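What TrEMBL records for this protein:
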- 21-39: transmembrane segment (TRANSMEM)
- 59-83: transmembrane segment (TRANSMEM)
- 115-138: transmembrane segment (TRANSMEM)
- 150-172: transmembrane segment (TRANSMEM)
- 184-209: transmembrane segment (TRANSMEM)
- 270-290: transmembrane segment (TRANSMEM)
- 338-358: transmembrane segment (TRANSMEM)
- 378-395: transmembrane segment (TRANSMEM)
- 423-443: transmembrane segment (TRANSMEM)
- 449-472: transmembrane segment (TRANSMEM)
- 479-496: transmembrane segment (TRANSMEM)
- 508-527: transmembrane segment (TRANSMEM)
């Protein structure tokens, strides 16, 4: 009973602490706005859940289903980055060291953190469900609200779906090599793989529901059968996610009564809740209970031990007298060594990278020089600008994360000297990662492609710096950049293609837009850094 009481208070305190933050409020607003766009008007030029030219009337059943399944994916993807800092925060604030001295067991701690994550995401789900009823009235295709029909997709589809990211966020934080950018990237890929698998499953009359944590296949399989029966012209194609339409097509409507729930379906949804709890308990095996010695790799621990033994055995010799002469402040040099600062910032960015990382970077750039231009531009170029993700994610937040902010910010004129050199160093490193494509554009005389590349590098750096400064970590940038990179350059969605992977007639306007956006981000980053200096 004592452990359960401690579990409750741990989850409750963590939940209250996070819901009082501005970041939670911003996430809440973004979720509500996203829910509004989940349900496009019949004359809209985009679709979020498409069955071709067929759709149900926006009654409570359809609204709850459509917003519920899209919220399940959105919060499963974005929610992971929102809640993945609970153990790190305890460590940075010193609370973890206090908890380590209490009788609270490791399984209870990781389970409490998982429940706290789940409560944060469930709050977002609850607000989205309430917004869904208002959105139904705004669309005004059916003004009758059926609360149970509207809410049951959120309760039985969305809530089990968000339990997995709540648990995986804790598990990833306890495993050293999944704690940073690599883990964030792996999770993003897993979510996209799950989305693609669920879509392919429904195109052949549904995948096994037990392999679908988002719950897509439950309503889509039932709707797939109904469409085939009611509409002979239905081709069986189902699309989940943002889909552009050139012009609003004539839709054929029907009245849908909602998801038919069975005992098997309910058991399969509760399976994901049980799996999430199991993952949270599994995280206890990797949790070091805030012991810094156990957090080190074995080789590092051995080297530290040997160094300690060496220091104990070999005494330091007496230092020789040194003739110390102080330089008068009146004659001290005051000009800034810009090149020295720039080189220092570049070395900080590249510090600690393994030879394998440089080898892969070299191979990517060589490939961009020798393969056909279309392949270089459409495949290797995007890969070259996802490879240094973890370098960019530290921009803007590195000083706060490593607690060097007081040292760095106390230098002379950090806003006018250190900040510009930090931005320039990041841009140069970004250009270095795509140097093969840069030389390719020069050899081909493609000045437009070269300009797009330069602006793209500035855009990436400005986005990373403004996100790092204002949020204090790299997770927001990693999520935004991964999504932008996947939808834009990888899927060639022209407005989001900041790399110009495919030549377009609107490249000039698009490049200008990204240049202005980068300038805006840099101004916001400058304001944020100035605010940090005044705190």
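Including glycine, each Cβ sits where the backbone N, Cα and C put it.
A TrEMBL annotation is a machine prediction, not a hand-curated record.
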Positions on the same chain near the transmembrane segment (59-83), where near means CB under 8 A and six or more residues out: 18, 23, 27, 31, 34-35, 38-39, 48-49, 116-117, 120-121, 124-125, 128-129, 132-133, 135-136, 139, 141-142, 144-147, 149-154, 157-158, 161-162, 164-166, 168-169, 184, 187-188, 191, 195, 213-216, 219-220, 240, 255-259, 475-476, 478-479, 483
Same-chain residue ranges lying at least 6 outside the transmembrane segment (479-496) that approach it to Cβ under 8 Å: 77-78, 81, 184-185, 188, 192, 242, 378, 381-382, 385-386, 389, 392, 460, 463-464, 467, 502, 504, 506, 510
Cβ contacts the transmembrane segment (423-443)/the transmembrane segment (270-290), at least three under 8 Å, sequence gap 6 or more: no
Close approaches to the transmembrane segment (449-472) from elsewhere in its chain (Cβ under 8 angstroms; 6 or more beyond its ends): 23, 377, 385, 392-398, 400-401, 422-423, 426-427, 430-431, 434, 437-438, 441-442, 480-481, 498-500, 503, 507, 511, 514-515, 517-519, 521-522, 524-525, 528-529, 532
Non-local residues, at least 6 beyond the ends, that sit with Cβ under 8 Å of the transmembrane segment (508-527): 396, 415, 419, 423, 448, 451-452, 455-456, 458-459, 461-463, 465-466, 469-470, 494-495, 497-498, 500
